[in-house]
Amino acid sequence: MLSSRIPKGKLLKQTSATSYLNLAKSMPITTARYRPNQYYANELAKLNVFTIHNIPSPCFSQVRNFHSSFPRKLQMQQTEQGDNRPALEKFGSDLTQLAKEGKLDPVIGRDHEIRRTIQILSRRTKNNPVLIGNAGTGKTAVMEGLAQRIIRGEVPDSMKDKQIITLDLAGIISGAKYRGDFESKLKSILKEVEEKNGKVILFIDEFHLLMGLGKAEGSIDASNLLKPALARGKLSMCGATTIEEYRKYVEKDAALARRFSPVTVNEPTVEDTISILRGLKERYEVHHGVRIMDSALVTAALYSNRYITDRFLPDKAIDLVDEASSTLRLQHESRPDAIATLDRQIMTIEIELESLRKEEDQLSIDRKHKLEKELEVKKSELKELTDQWESEKRAIDAVKNAKSELEKAKYELEQATREGDYARASRIQYASIPELQDKIQELSKNELAAKSSNLLHDSVTSEDIAGVISKMTGIPVNNLLKGEKDKLLDMNILLRQSVVGQDEAIDAVSDAVRLQRAGLTSENRPIASFMFLGPTGTGKTEGGKSLAQFLFNDKNAVVRFDMSEFQEKHTISRLIGSPPGYVGYEESGELTEAVRRKPYSVVLFDEFEKAHPDLSKLLLQVLDEGSLTDSHGKKIDFKNTIIVMTSNIGQEILLADKNTYEDGHINSEVKSQVLENLRHHYAPEFLNRIDDIVVFNRLSKTALKEILDIRLREIGDRLVDKRIILQLTDEAKTLLCDMGYDPTYGARPLNRVLRKKLLDPLAMRLIKGQVQENETVKVEVKDHKIYVVPNHSEGTVIEKEEDYFKEDKDDN
């Protein structure tokens, strides 16, 4: 036993616990040769205490029991934790070995970055590249591509037979409880690398974590431990980090930064991303057991670039394909809806049959026979569908297994070629692989032949990609997939259903949106920007909301700002956030945060002329470049927003009777006067960036009647829950229009009239019981006033159906 080899302590005359502890501390620990590793000094110090003879029981009542089991527990710990592997093997992962085993995804493109990395690694000193790029652009893939090239021998002679080891920084730092533990681990790694004589390239992902790693009181961090080896060229290291983290952490340490040569990994183009997706397609098909259509790959690249603006290609496009494939795979593993529906119907019939089993009347017997026949038919349908589902699953699994075998055969071909076994390589290339390809083609052909009647959808299509986009961004799928031609041609008609009497404004908005959708405007600008001018109550704000309904299928997709809150200059900072040193710096800007959370919305600046003039300067970048930088330095994307500014500038010109026709329309001369008035308020560079300035007409009586119909439909929607139908006579509608018509105030007086003359009396009728649920309410004119006709006398209460049955049950 281990305890028998530890030197025995001397007998003490004192009986205090402190005396025994002091003795244990003074005893030399000479058992290092019995330990499999160097991290058990603390446990052996404890064991020294327990090996002291004649410890009085009052001092340590449980010491003797623990002493007998401690060596065995220590040996178990040593068995579990002891690890005599080399440090590189313990704390690293061999990328070249993974590439040799075919476990790395193929790397498409990135030739320039890989070649630049090889050039730096081939230097005599400071042969340390650091890959810098945005998250998701493929920095780690560059090193994986280099590992694959080393295995295939597609590198210069100086790079052949080299190993790329990925260091696990978390594994190095974990367990380093005492001062010196971390340093000894790292030094052992560096020693092993130097012993390899330049055959090992260390790769550290999240390279900026080296700064301060292992830093504690009286110790130095990892970056300072690495500097001497990096400078001498004895250590070849490659790092990967983002641009922001490199600037924030690495560049501050000039001594470390100069030992590395940056390699910029830029975001690939959409075309390059499509090529990358095509290269990864087979891996994802084998993993998920589905077929990925080429159109889905193109859609993933295009839609991710257009709609996911806070991430980078190719990562976001790969995620779309992966999630769509995963969703389809889960559908294969779950029961189809048709089978689940039949199963529920069978359960319902069986429950009803059980309740009718004891009934003896003729009606129940007939019902029971009918249900038994129906149950038999349903069970037959269920069995047929279940057999079909299992058959389709087997067919899909067969294709998946064949593709897996094909991938394995390709790996074996590459391995045989690399090892020089050309006979085996020939058999695989000209026999096994063609046979598997024919098998996959035949299985896929059988699937396509029965596709019309299939329960399972086995191909990832553009619709599946659009569904994932919809979940991630909130854009309705039908907006992405519906033919843009039909939708845009109907835009004028759809907008006129909610914005009345403003045909010219609707046409201007529709034309601007069509221009953008046709791709004839700059992609770096917002979808469109408008300034709506006109008298109050003419539908300027409603126009912005209707635009949101058309584009985003959500009338609430409007980020609205009341400009009366931004009259002072200092309040403008609320939109982008307070500068450093001011109260509220930690909080995000109201405008930037709203657009970041809802990037697909209509941004409405209501009553724009009431804001401070400097606000127009803030919007110059938004209108021209489609972006705005907040107080934290984050760039917010406005490319998928529509900017709408409403203003009452020039309304005194529009309200003059001599300047408008009877139908409320204005002529071009009056419009020119309004625009001239606008130029006195805003700088030319601001007005020049707005796509279109729309002048709204004054509302006519005809337009007000259409608005009344819209408001009555809205009131009817509110009464649906009470199952009340509202009916107005033509006379009542005409009287309401006459009472609510005021050219100066637009449609808002009509809302007040409806509330005072219609809704308030209707509320009184409901409260008094004169109008009940599930009834029709008539509204007519009586004595030249709006009159809501009561259906019952005051205080009348009709029993509800459930109350009637409740009373009947109580009587029984």
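Glycine is treated like the rest: Cβ placed from N, Cα and C.
Going by Swiss-Prot, these are the annotated features:
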type: TRANSIT; residues: 1-73; note: transit peptide
type: REGION; residues: 88-336; note: region 'NBD1'
type: COILED; residues: 337-425; note: coiled coil
type: REGION; residues: 460-651; note: region 'NBD2'
type: BINDING; residues: Gly534, Pro535, Thr536, Gly537, Thr538, Gly539, Lys540, Thr541; note: ATP 2 binding site
Average model confidence [pLDDT] within the region 'NBD1' (88-336): 84
Cβ contacts of Thr541 (ATP 2 binding site) (under 8 Å, same chain, 6 or more positions away): Arg560, Leu604, Asp606, Thr646
Shell of the ATP 2 site beyond Gly534, Pro535, Thr536, Gly537, Thr538, Gly539, Lys540, Thr541, same chain only (C-beta within 8 angstroms of their C-beta centre): Phe532, Thr646, Asn648, Phe696, Gly746, Ala747
Same-chain residues at least 6 apart in sequence whose Cβ lies under 8 Å from Gly534 (ATP 2 binding site): Lys540, Asn648, Gln651, Leu654, Val695, Phe696, Asn697, Arg698
Neighbour tally for Lys540 (ATP 2 binding site), based on other Cβ positions within 10 Å of its Cβ: 28
Entry from the binding-site residues list Thr536, Thr538 having the most other CB atoms no farther than 10 A: Thr538
Spatial neighbours, same chain, of Gly539 (ATP 2 binding site) - Cβ under 8 Å, 6+ residues apart: Val499, Val500, Gly501, Gln502, Phe696, Gly746, Ala747
Around the Cβ of Pro535 (ATP 2 binding site), the count of other Cβ atoms that are within 10 Å: 23
Local Cβ density at Gly537 (ATP 2 binding site) - other Cβ atoms counted within 10 Å: 22
